[in-house]
């Protein structure tokens, strides 16, 4: 991130939830519990997949990669937010702000790319089951995970470089709880702010929409294949293998659409801050719950793993 323009401003101030002083302790406790649950839930999923040989398959390799991404995404944002809820000193250095934006966008886009890869995995499993082991080999799956991570890092670098090459002329208050693009654009000055804003918005929407359309295409083929299965039991079994992934996709893109496709007009900073909770705290919190409850195979394995750790003498 060399060449970033920080000659005018050396630090920013994260306003966060300062508009709700009487709620800050309650918000701290709530977000802390959700954060810990997110970490523990994803770590439990990873430990279960690692310890259960029956789960050593591409579907759960992608799930582990997704869990790692969610842990890193929340670590990039929530600890700083929790610290600010208990502090009156909310300044953040220029480079620290740039780093937070880079990591949050990188892991956020990696999450979207991995969901797309998981959609393709379900498509191959249901529409081409006889070719599954060939199309979803270990090498191929590792390559897809690596490409998802590389794509996320590139997106994070592109967005962060574009924003932090702008000039920030004196104003330092970011009306959000982390270094996000829209509130930072409001602090920027110069003739190129509008061009950068449109360019960054176009890149983000194109990437997210492209991932969503690919997932939609995968499920169009999946639904067509499921409808051809003669027995109701067979159709239910096929659909159950996709239920958890499909639910997470709906949650992920549902909240993303609220943020990126909201109508233009006057927006209160407090409203934008509260809306930011949906994709920084709520979505990562719900994801391990959905996967552990909607995926029967994973749920049974997680119960077995927990029972083994708690009562090893009975195993």
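Here the Cβ of each residue, glycine as well, is placed from N, Cα and C on the backbone.
Residues annotated as disulfide bond in Swiss-Prot, with sequence analysis given as evidence: 97-189. A 10 Å cutoff on Cβ-Cβ distances gives residue 189 (disulfide bond) a total of 13 other Cβ atoms nearby, all chains included.
The N-linked glycosylation site annotation in Swiss-Prot covers 5 and is backed by sequence analysis.
The topological domain 'Extracellular' annotation in Swiss-Prot covers 1-25 (among others). For the topological domain 'Extracellular' (1-25), the model's pLDDT averages out at 75.
Mapped onto DSSP helix, strand and coil, the topological domain 'Cytoplasmic' (47-54) counts 7 helix, 0 strand, 1 coil. Annotated topological domain 'Cytoplasmic' per Swiss-Prot: 47-54 (among others), in sequence order, evidence recorded as sequence analysis.
Per Swiss-Prot, the feature topological domain 'Extracellular' maps to 76-99 (among others).
If you look at the topological domain 'Cytoplasmic' (121-139), the same-chain residues 6 or more away from its ends with a CB under 8 A from one of its CBs are 58-59, 62, 218-219, 221-222, 225-226, 238, 241-242, 245. The topological domain 'Cytoplasmic' feature in Swiss-Prot is assigned to 121-139 (among others).
If you look up Swiss-Prot, you'll see 161-197 (among others) marked as topological domain 'Extracellular', on the strength of sequence analysis.
Summarised by DSSP class, the composition of the topological domain 'Cytoplasmic' (219-238) is 16 helix, 0 strand, 4 coil. Under the heading topological domain 'Cytoplasmic', Swiss-Prot lists 219-238 (among others).
Per Swiss-Prot, the feature topological domain 'Extracellular' maps to 260-272 (among others).
Annotation comment: Swiss-Prot describes 294-315 (among others) as topological domain 'Cytoplasmic'.
Proximity of distant same-chain residues to the transmembrane segment (26-46), defined by a Cβ-Cβ separation under 8 Å and at least 6 residues beyond the stretch ends, is recorded for 17, 20, 63-64, 67-68, 70-71, 74, 78-79, 81-82, 85-86, 281-282, 284-285, 287-289, 291-292, 298, 302, 305-306. Annotated transmembrane segment per Swiss-Prot: 26-46 (among others), in sequence order, evidence recorded as sequence analysis.
The transmembrane segment annotation in Swiss-Prot covers 55-75 (among others) and rests on sequence analysis.
The transmembrane segment feature in Swiss-Prot is assigned to 100-120 (among others). Residues of the same chain lying 6 or more positions beyond the ends of the transmembrane segment (100-120) and with a Cβ under 8 Å from any Cβ of it are 1, 59, 62-63, 65-66, 69-70, 72-73, 76-77, 80, 92, 144-145, 147-149, 151-153, 155-157, 159-160, 163-164, 178-181, 184, 207-208, 211, 214-215, 218-219, 245, 248-249, 252, 279-280.
The feature transmembrane segment is assigned by Swiss-Prot to 140-160 (among others). Beyond the ends of the transmembrane segment (140-160), by six or more residues, the same chain brings 1, 58, 61-62, 65, 69, 98, 101-111, 113-114, 116-117, 120-121, 181, 200, 203-204, 207 to within a C-beta distance below 8 angstroms of the stretch.
Residues or ranges marked as transmembrane segment by Swiss-Prot: 198-218 (among others). Note on the transmembrane segment (198-218): residues 109, 112-113, 115-116, 119-120, 122-123, 155, 158-159, 162-163, 181, 249, 253, 256, 260-261 of its chain, located 6 or more positions outside it, place their CB under 8 angstroms from a CB of the stretch.
Residues 59, 111-112, 115, 118-119, 122, 125-126, 208, 212, 215, 219, 222, 226, 275-276, 278-279, 282-283, 286-287, 290-291, 293-296, 298 of the same chain, all 6+ positions outside the transmembrane segment (239-259), place their C-beta atoms under 8 angstroms from a C-beta of that stretch. What Swiss-Prot records for 239-259 (among others) is transmembrane segment.
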Inquiry  = Using a Cβ cut-off under 8 Å and a sequence separation of 6 or more, which residues in the same chain sit near residue 97 (disulfide bond)?
reply    = 11, 12, 174, 179, 184
Task = Kindly report the helix/strand/coil residue split of the topological domain 'Extracellular' (161-197) according to DSSP, in that order.
result = 14 helix, 6 strand, 17 coil
Request  = Using DSSP with the three-state reduction, classify residue 97 (disulfide bond) as helix, strand or coil.
outcome  = helix
Note = The answer for the topological domain 'Cytoplasmic' (47-54), taking Cβ pairs under 8 Å and residues 6+ beyond its ends, is 60-61, 63-64, 297-298, 301-302, 304-305
